[in-house]
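What follows is a set of notes on a single structure, which appears directly below.
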Amino acid sequence: MIKLIVGLGNPGAEYTATRHNAGFWLVDQLAREAGATLRDERRFHGFYAKARLHGEEVHLLEPQTYMNRSGQSVVALASFFKILPDQILVAHDELDLPPGTVKLKLGGGSGGHNGLKDISAHLSSQQYWRLRIGIGHPRDLIPEGARAGAKPDVANFVLKPPRREEQDVIDASIERALAVMPMVVKGELDRATMQLHRN
């Protein structure tokens, strides 16, 4: 059963619309659906709400520590409420999936994502669930003939807003993720994964 849903992103209005904040977009939607208000909670270093989602009580968290220190926020809340790693779902932007794709996964490496890296270090575990929201990779924007030897600027890419057509399909993928949340919060993660990956 998932007891904590974390959205990853960077704090501040200048980052709100950037690709790196896709995790925040999902948690914002969940809070809206539940009629919950995310409030600044200093002891958890983030915006926090306790919400009732599909009949289950769930903690929602958006760390306000900047991406590479997200673990500080997650471990503060998880320790306080005695939540185990496999009861945590972290929603984050995923470079290795094209825009419009969303996947659920338990455990694994960070794939170069600094937020995941820090969470794994603070939890001393990689065995938490991830909701991977595809944003594409900057190499995909380089014409095929010019890709050899090209060094895509990943840092710049994730800190820019998606193009209009990308935003539309990312929004649609978040809607698909929201549709499986009743299963997620009840602990039916395998069923949720199958449904999500079928689309």
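From the backbone N, Cα and C atoms, a Cβ is placed for every residue, glycine too.
According to Swiss-Prot, the features are:
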SITE      N10  site 'Discriminates between blocked and unblocked aminoacyl-tRNA'
BINDING   Y15, Y66, N68, N114  tRNA binding site
ACT_SITE  H20  active site, proton acceptor
SITE      D93  site 'Stabilizes the basic form of H active site to accept a proton'
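Structure with Swiss-Prot features highlighted.
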residue : record                                                               : Cβ within 10 Å
N10     : site 'Discriminates between blocked and unblocked aminoacyl-tRNA'    : 21
Y15     : tRNA binding site                                                    : 18
H20     : active site, proton acceptor                                         : 22
Y66     : tRNA binding site                                                    : 16
N68     : tRNA binding site                                                    : 12
D93     : site 'Stabilizes the basic form of H active site to accept a proton' : 26
N114    : tRNA binding site                                                    : 17
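The Cβ centroid of Y15, Y66, N68, N114 marks the tRNA site; residues of that chain outside this set whose Cβ lies within 8 Å of it are N10, H20, T65, M67, R69, S70, G115, given in sequence order. Reported as a whole number, the C-alpha separation between Y66 (tRNA binding site) and D93 (site 'Stabilizes the basic form of H active site to accept a proton') equals 14 Å. Distance between Cα atoms for N10 (site 'Discriminates between blocked and unblocked aminoacyl-tRNA') and D93 (site 'Stabilizes the basic form of H active site to accept a proton'): 12 Å, as a whole number.
Among the recorded positions H20, N68, N114, the ones whose Cα sits within 10 Å of the Cα of D93 (site 'Stabilizes the basic form of H active site to accept a proton') are H20.
For the recorded site, N10 (site 'Discriminates between blocked and unblocked aminoacyl-tRNA'), the DSSP three-state label reads coil.
Maximum C-alpha to C-alpha distance over the listed tRNA-binding residues Y15, Y66, N68, N114 is 16 Å. Under DSSP, Y66 (tRNA binding site) is assigned to coil, being neither helix nor strand in the three-state scheme. Rounded to a whole number, the distance between the Cα atoms of the residue listed as 'active site, proton acceptor' and N68 (tRNA binding site) is 12 Å. Note: the Cα of N114 (tRNA binding site) and the Cα of the residue listed as 'active site, proton acceptor' are spaced 11 Å from each other. According to its DSSP assignment, D93 (site 'Stabilizes the basic form of H active site to accept a proton') is in a strand.
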